[in-house]
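Annotations for this protein, taken from Swiss-Prot, read as follows:
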- His111, His115, Asp300: Fe cation binding site (BINDING)
- Leu134, Val135, Ser136, Gly137, Gly138, Asp167, Gly180, Asn272: substrate binding site (BINDING)
Amino acid sequence: MRILGIETSCDETGVAIYDDEKGLLAHQLYSQVKLHADYGGVVPELASRDHVKKTIPLIKAALNDAGLTKDDIDGIAYTAGPGLVGALLVGSTIGRSIAYAWDVPAIPVHHMEGHLLAPMLEDEPPAFPFVALLVSGGHTMMVEVKGIGEYQILGESVDDAAGEAFDKTAKLMGLDYPGGPLLSKLAESGTKGRFKFPRPMTDRPGLDFSFSGLKTFAANTIRGNEDDLQTRADIAFAFQEAVVDTLAIKCRRALKQTGMKRLVMAGGVSANKYLRQELEVMMKKIGGEVYYPRTEFCTDNGAMIAYAGMQRLKNGETTDLAVQAKPRWPIDQLAPIK
């Protein structure tokens, strides 16, 4: 079975073709970073219009890369949510239309389920069950995963997501958009210990997160110190250290609570080198294992959507011709694979 996956939930247009026997056959990705850079953030209307321009050409390019035609495709998977409603409608409408024209089934895919299953694209995928840390610009949550569709949310952010806090703090420091990766790069030249940031919500039981206070703390620290490069690097280090420590503490609690020794990390922030390093050290200490996708599959992409859709189409799931777009869609509402 070969599935064409389409991802248009925010500011990346992703298309991929996944074969259940041969694996990933083609992967195309277009980022809108330059389009939104002048605005300092994603402009929904511009994002939607650009998806309209890019999705069909990327589908053609993916088919060409795989050496396939439309007759070789057995199903369509498209991101239906959560995300920006206009952007979701572009991918959903194109996916549904192609499925109708090509006479193949189509399946709406949950964006965060795609991220959660992205490590399954690797040569050594994690086995079920495991604890998943989904950490991106729009979401930060801890999920107990017993199987595909068997998700229990253990904790989530009550305000800003971790990636959002990175980007907002980077903006306070005068870094370009998108600021998160630039802040992490700046932190590499920072001095450990000069500044001490709090570890929010780690002094109480539970697995929820809160990162908006760190942004405020960073703003006050920036205002109260010299505006030189080393000081900014030291602040960046302290901020990143606080976020990573907070995530690690919550992961350790979740693993202890569930009795598991496998941790999966996915989403855009999972590409952060310092976060990977710290979680690897933590898991080694407790005799566990940590899994994450290759860097190119940490951000939004069509490959994870094609893979997730493949699992559900093989399970016999499909939907009617109505276009589905769900800006809000809790992951624990998904049906389990039988």
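Cβ atoms are placed via backbone N, Cα and C, with glycine included.
What you see is a predicted model, and the numbers here were worked out from it, not measured in a lab.
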Beyond the listed site residues His111, His115, Asp300, identify every same-chain residue whose Cβ lies within 8 Å of the center of their Cβ atoms for the Fe cation site.
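My list of surrounding residues reads Glu7, Ser9, Thr79, Met112, Gly114, Ser136, Gly267, Asn301, Met304, Ile305.
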In the structure shown, which of the binding-site residues Ser136, Asn272 has the fewest Cβ neighbours within 10 Å?
Ser136
Relative to the Cα of Leu134 (substrate binding site), which of the binding-site residues His111, His115, Asp300 have a Cα no more than 10 Å away?
His115
List nothing but the one residue from Gly137, Gly138, Gly180 whose Cβ has the fewest other Cβ atoms within 10 Å; the candidates are the binding-site residues.
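So among Gly137, Gly138, Gly180, the binding-site residues given, the one with the fewest Cβ atoms within 10 Å is Gly138.
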Can you check which residues sit near His111 (Fe cation binding site), meaning Cβ under 8 Å from its Cβ, same chain, 6 or more apart in sequence, and list them in order?
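Result: Glu7, Ser9, Thr79, Gly81, Pro82, Gly83, Asp300, Ile305.
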Sorry to bug you, but what's the C-alpha spacing from His115 (Fe cation binding site) to Gly137 (substrate binding site), rounded to the closest Å?
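Between the Cα atoms of Gly137 (substrate binding site) and His115 (Fe cation binding site), the distance comes to 13 Å.
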Using DSSP with the three-state reduction, classify Val135 (substrate binding site) as helix, strand or coil.
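In three-state terms, Val135 (substrate binding site) counts as strand.
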